[in-house]
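Participant: Below is the structure I would like to discuss, written out as structure tokens.
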Amino acid sequence: MDMMLMIGNYFSGVLIAGIILLILSCIFAFIDFSKSTSPTRTWKVLSIMAFILGIIITVGMLIYSMWGKHCAPHRVSGVIHTNHSDISMN
């Protein structure tokens with residue numbers, strides 16, 4: 001749960017880092033494709049790794065924000081208590 005609290009505290013920073021990685025992947029791909037010589041493996045690997053990490057971080061942050069709105073522990077426990085009587089809780 002410490003990881004969730006850390007992500008909650010630095011949500012905007014992590015989301016910005018994911019967007020920056022996506023921008024970097026576009027820059028690396030542009031550098032790779034703009035060469036007149038044969039493309040080097042280094043720029044391809046940098047572009048692919050930046051893209052994959054950027055997508056994982058960005059989609060992960062979107063999923064985390066939905067989790068915080070709909071599945072946070074205080075919301076789930078509140079729903080359980082309102083939907084069940086005291087007898088079924090015991």
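Cβ coordinates are placed from backbone N, Cα and C, and glycine is handled just like the others.
Sharing the record's features from Swiss-Prot:
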MOD_RES   Ser85  phosphoserine
TOPO_DOM  1-10  topological domain 'Intravirion'
TOPO_DOM  32-44  topological domain 'Virion surface'
TOPO_DOM  66-90  topological domain 'Intravirion'
TRANSMEM  11-31  transmembrane segment
TRANSMEM  45-65  transmembrane segment
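Describe the structural surroundings of these features, if you would.
Facilitator: Secondary structure counts, DSSP: the topological domain 'Intravirion' (1-10) has 8 helix, 0 strand, 2 coil.
If you look at the transmembrane segment (45-65), the same-chain residues 6 or more away from its ends with a CB under 8 A from one of its CBs are 4, 7-8, 11, 14-15, 17-22, 24-25, 28-29, 32.
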Participant: Quickly jot the same-chain residues contacting the transmembrane segment (11-31) by Cβ under 8 Å, restricted to those at least six beyond its ends, or write none.
Facilitator: 43, 46-48, 50-51, 53-58, 60-61, 64-65
Participant: Which numbers of helix, strand and coil residues does DSSP report for the topological domain 'Virion surface' (32-44)?
Facilitator: 7 helix, 0 strand, 6 coil
